[in-house]
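Annotated domain 'MARVEL' per TrEMBL: 13-148, 153-297, in sequence order. Sequence annotations record features per position, and here TrEMBL assigns transmembrane segment to 44-66, 78-101, 121-142, 154-177, 192-218, 225-246, 272-291.
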Amino acid sequence: MESTGGPYLNTAALTSPVGIARLLQMTFGCTTFSLVAHQGGFSAAYGTFCMFVWTFCFAITVFIITCEFTHLHSCLSLSWGNFTAAFAMLATLMSITAAVIYPLYFVQVGCYPIGCEVRDFRIAASVFAGLLFVTYATEVFLTRAKPGQVTSYMATVSGLLKIVQAFVACIIFGALVNDSQYGKYVATQWCVAVYSFCFVVTVVVVAFSVTGKTALLWFPFERSVVIYTFGAVLLYTSAAVIWPVFCFDSKYGSPRRPGLCAKGKCPWDSQLVIAIFTYVNLLLYVLDLAYSQRIRFVSHL
């Protein structure tokens, strides 16, 4: 066997600023779900989601640290720079969501009826969940593309925005299935088709970038992504106009929340969430289109 040269272990994976951030992610993530599992407790879909976020992010972070420390990532058929940048952004979004949801639904000021010990564990878990978000956001800040730097596509602003776009689309889908009554009109069904199409294509773009297969395509990937982003802006613009009209105009829907609508099971609430995040994603796609004019794709980093 030929020697590849250099040390077998990459100590910089642990001692560099990014490596230290990942070690803190591993520590805070393990601490958070341990506190919750030991005494803090969780229940319902909200608590299950938070536990999934913390355990998932912990597992992938350990995998990344192990691969970089042992150089095993060179054996994987992945564009490692794209993979780590995409995961850091996704983990940032997921961790801040869990850091908001858990204290919102499980932390209370008084001890009754859960007891002071359980309350203290939940408060501690919430603190570490916040710290976990900070460490993932720090990694995104440290690894983002600098002006004039040749780097992986997912580390650029445009690449990071792709992750945020897909995450926002998931929020929209969650509101859609929560009795949003989107099937009531053909126009609102068109909006659902827009959300679905843009989500699928965005995920495909991320997948091709992470796997490093963009160079194998028979068409210019970078040009196609820019064209798609422009099309997504147009599609989301149509949804941003159509959805509010058919949900909140008095001719088709209700401009105000119905007084007898049950909290948590009100179609109007879901429609409002969808409208808000439609505008959020429209803004993200516009920013993506603007930044995509200033980058060049590198698939092998």
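All positions are counted from 1 along the displayed chain.
Note that Cβ sites are derived from N, Cα and C of the backbone, with glycine treated the same way.
Keep in mind that TrEMBL annotations are predicted by a computer and have not been checked by a curator.
Note: the stretches the transmembrane segment (272-291) and the transmembrane segment (78-101) are not in contact (fewer than 3 CB pairs below 8 A, sequence gap of 6 or more). Residues in the domain 'MARVEL' (13-148) partition by DSSP class (helix H, G, I; strand E, B; coil) as 113 helix, 0 strand, 23 coil. Per DSSP, the secondary structure of the domain 'MARVEL' (153-297) breaks down as 112 helix, 0 strand, 33 coil.
Pairs of Cβ atoms less than 8 Å apart link the transmembrane segment (192-218) most often to 154-177, out of 44-66, 78-101, 121-142, 154-177, 225-246. Among 44-66, 154-177, 225-246, 44-66 has the largest number of CB pairs under 8 A with the transmembrane segment (121-142).
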